[in-house]
Amino acid sequence: MTRFDDDDNATDVPLLLEEVDADGLELEEHVRPEDEQSFVEKYITSKMQPGSEASQSRNALIGALSLCFVLPLSLLRSLSSLRFSSLFSLLCIVFLTLTVVAKYFQFVHLGYAPDFVYQWNHLPLATLDVGRILTALPLVIFAYTCHPNVLPIYIQLQRRSSPRMYKVARRSLSLATALYALLSAFVFLTFGMATHTNFLQNDYHHDAAIIAGSIFFAVAMVITTPLYIHTLRHGLNESIWGPDNQGSFVRHLLVTLVLVGGICGVSILAKDVATVLGFLGATTNPIICFVLPAFFVCKLAPDAYWMEKAASVGICLATTALCVASLVHQVRAY
């Protein structure tokens with residue numbers, strides 16, 4: 001099986017970074033009440049009702065993308081086969097980020113957006129609104145959940161070592177944080193409190209570069225999905241058939257078809273991605289990010305690491321309480 005050459009850690013960064021980036025572009029979103037939506041938005045929403053022509057076209061597009069792109073890439077057995085598609089996906093997101101930054105300065109020059117000084121003096125830079133905090137918290141947790149892909153990437157390293165894996169993780173999280181900060185800041189500076197839930201639905205005056213960035217972003221999401229499929233399939237294989245049982249191609253194909261079909265079904269049924277990510281970020285992701293790591297630290301670490309054990313338990317309990325409150329808030333709002 002082809003493995004990564006860990007002399008060049010840069011080839012490993014896109015895989016882990018894509019796990020972070022694919023989750024995280026919800027960070028810069030601000031939810032607007034329905035009565036503040038424009039007529040065009042309400043019209044589009046009405047057209048997206050189940051059974052409408054637009055809804056059927058959307059479902060057909062999801063099915064075609066899953067069949068033509070997601071499934072073939074998901075059938076690859078090794079993560080090393082996906083690193084170049086992940087790198088291309090990362091470049092797509094970088095292009096979108098740079099485009100958004102450039103368009104802010106262009107819109108200020110054209111008079112479409114206020115300048116930085118005006119926004120600094122008039123925009124709220126922080127909020128103590130409990131509802132908004134509870135809405136944003138699970139999105140932040142979801143955005144930085146790259147934990148499931150850490151072990152598969154580590155296994156692919158030819159000369160495995162913790163320092164090399166830490167280097168990959170640090171680079172990935174640093175790049176992801178920089179992209180999040182740039183994208184969210186300049187979208188918010190451009191549109192202020194009128195920023196849409198999906199920032200690409202803001203009025204960019206049909207700018208060709210933004211349209212291209214939107215297309216690249218869609219491409220990035222499509223070619224990132226096989227990373228999730230690989231991790232899910234790897235976990236199922238180890239849980240059901242054992243770590244040393246790779247299985248036949250028929251089993252590999254059937255498991256992949258079931259996983260891709262499940263993801264395709266969720267994509268068709270879910271009309272609001274923020275709601276889906278919110279529920280995941282308040283339920284499964286905290287378990288992956290905080291509960292299980294705290295459990296492993298308490299079970300495996302020697303008694304000399306009592307401070308680390310206490311800190312992990314404290315963070316776990318605090319995050320769990322906040323996520324439960326967020327889940328209750330989302331259920332009531334839904």
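Every residue gets a Cβ built from N, Cα and C, even glycine.
What TrEMBL says about this protein:
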- 56-330: domain 'Amino acid transporter transmembrane' (DOMAIN)
- 60-76: transmembrane segment (TRANSMEM)
- 88-113: transmembrane segment (TRANSMEM)
- 133-155: transmembrane segment (TRANSMEM)
- 175-196: transmembrane segment (TRANSMEM)
- 208-229: transmembrane segment (TRANSMEM)
- 249-270: transmembrane segment (TRANSMEM)
- 276-298: transmembrane segment (TRANSMEM)
- 310-328: transmembrane segment (TRANSMEM)
Task: Beyond the flanks of the transmembrane segment (276-298) by 6 or more, those residues with Cβ under 8 Å of it - done: 23, 26, 135, 137-142, 144-145, 147-148, 266, 270, 305, 308-309, 312-313, 315-316, 319-320, 323-324, 326-327, 330
Task: Sequence-remote partners of the transmembrane segment (60-76) [C-beta within less than 8 Å, at least six residues beyond its ends] - done: 82, 85, 222-223, 225-226, 229-230, 233, 252-253, 256-257, 259-260, 263-264, 267-268
